Amino acid sequence: MVRQINETFLKAARGEQTDYTPVWYMRQAGRSQPEYREIKEKYSLFEITHQPELCAYVTRLPVEQYDVDAAILYKDIMSPLPAIGVDVEIKSGIGPVISNPIRSLADVEKLGEIHPEEDVPYVLDTIKLLTEEQLNVPLIGFAGAPFTLASYMIEGGPSKNYNKTKAFMYSEPKAWFALMDKLAEMTITYVKSQIKAGARAIQIFDSWVGALNVQDYRYFIKPVMNRIFSALREENVPLIMFGVGASHLALEWNDLPLDVVGLDWRLQIEEARQIGVHKTVQGNLDPAILLAPWEVIEERAKAILDQGLAHPGHIFNLGHGVFPSVNPETLKRLTTFVHEYTAINKR
Ligand SMILES: Cc1c2[nH]c(c1CCC(=O)O)Cc1[nH]c(c(CCC(=O)O)c1C)Cc1[nH]c(c(CCC(=O)O)c1C)Cc1[nH]c(c(C)c1CCC(=O)O)C2
């Protein structure tokens, strides 16, 4: 039997009219799900991602339970880094910790290249399993963006102010741009392999780049993002950009050769349209709203959907990942609401 893939998400990403507004949630596969929590008691993140059957199951769970319009591959933005020589460990309660942080140009030059078939075959196997056999919605592949990856590689772990990262960027521009080059190369190769294996869209997570102002973004980051998106453009899949607290960069993203501008909750969709964002937008319910009573969730979701319907090209999502304390029933109810409300309003 030929599997029917629901392509609503891809159409919206390309800015086409859809029968309803598609929806998925960042971190939809994760700690808010009891089935996932049970698996997590036995295995770490990296242990799960090394087992394609199990990783595919975790990726599929929210699609089956919430009826979302896209799946996102379960893995971390840190997943490709060991392949280029970064010693990263995910420490519980802390996050990614790196024991050989970047301190100099010599450290940057020591970084290697990724060969996805040899270094991360389990990622490609999971994608094949999902896209050739299991999913009835498109699979989103992803990677962390150079700034966000560099922030962990330079700080040695999570950071509040990115002081070391910025100090490195401002004082060692040559080493900085060399690092951006290496990470761009890795990202392009890694993402292309995900697309070849079956990913139908790509999201680039530059979660922490909002820490930079527009001028520094243009000088230190935009050229490398331009290089990445220009290379990925050849693959003909929708490209999505995302960052937190990065409203001041929305117009910069709109300029880049990509398809979808991700918005967190700080900038309304109609405000983004007014300042000149003309691409498809993705977002942007504050994830904290999911902890409020249903009436509040519905009212806020409606406001976002109405703004999204005013212009073709809206993918409903949160402004950042699902919190662990969110009740899965809430995500299910919200998905149904988004689908039903926009199907009626689009007629
Ligand atoms: C901050 C952090 C990172 N990596 C990690 C942390 C700290 C812990 C945590 O947040 O759970 C470690 C991590 N990342 C992930 C886990 C699995 C645990 C979980 O959700 O229970 C764990 C333990 C899943 C993930 N981590 C990520 C995904 C993929 C994206 C998605 O599912 O939407 C998953 C499944 C992506 C990720 N990972 C990271 C960033 C900045 C991003 C981009 C998205 C964002 O800003 O939150 C770095």
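Every residue, even glycine, has its Cβ placed from backbone N, Cα and C.
The substrate binding site annotation in TrEMBL covers Arg27, Gln28, Ala29, Gly30, Arg31, Phe46, Asp76, Tyr152, Ser207, His320. Residues within less than 8 Å, Cβ to Cβ, of Arg31 (substrate binding site) and separated from it by at least 6 positions along the same chain comprise Arg37, Lys40, Pro324. According to DSSP, Arg31 (substrate binding site) is assigned to coil rather than to any helix or strand.
The domain 'Uroporphyrinogen decarboxylase (URO-D)' annotation in TrEMBL covers 22-31 (among others).
Outside the domain 'Uroporphyrinogen decarboxylase (URO-D)' (140-156), and at least 6 residues removed from its termini, the chain residues within Cβ reach (under 8 Å) are 24, 70-73, 77-78, 80-81, 86, 88, 96-99, 101-103, 127, 162, 164-165, 168, 176, 179-180, 183-184, 187, 190-191, 194-195, 199-209, 211-212, 220-221, 224-225, 228, 240, 243. Taken from TrEMBL, the feature domain 'Uroporphyrinogen decarboxylase (URO-D)' applies to 140-156 (among others).
Neighbour count (other Cβ atoms within 10 Å of the Cβ, all protein chains): 17 for Asp76 (substrate binding site). Residues or ranges marked as site 'Transition state stabilizer' by TrEMBL: Asp76.
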Query = Which is it, of Ala29, Ser207: the one of these binding-site residues whose Cβ has the most other Cβ atoms within 10 Å?
reply = Ala29
Averaged pLDDT, computed only over the residues in the domain 'Uroporphyrinogen decarboxylase (URO-D)' (140-156) = 98
Key: Secondary structure tally of the domain 'Uroporphyrinogen decarboxylase (URO-D)' (140-156) (DSSP, helix then strand then coil)   = 10 helix, 5 strand, 2 coil
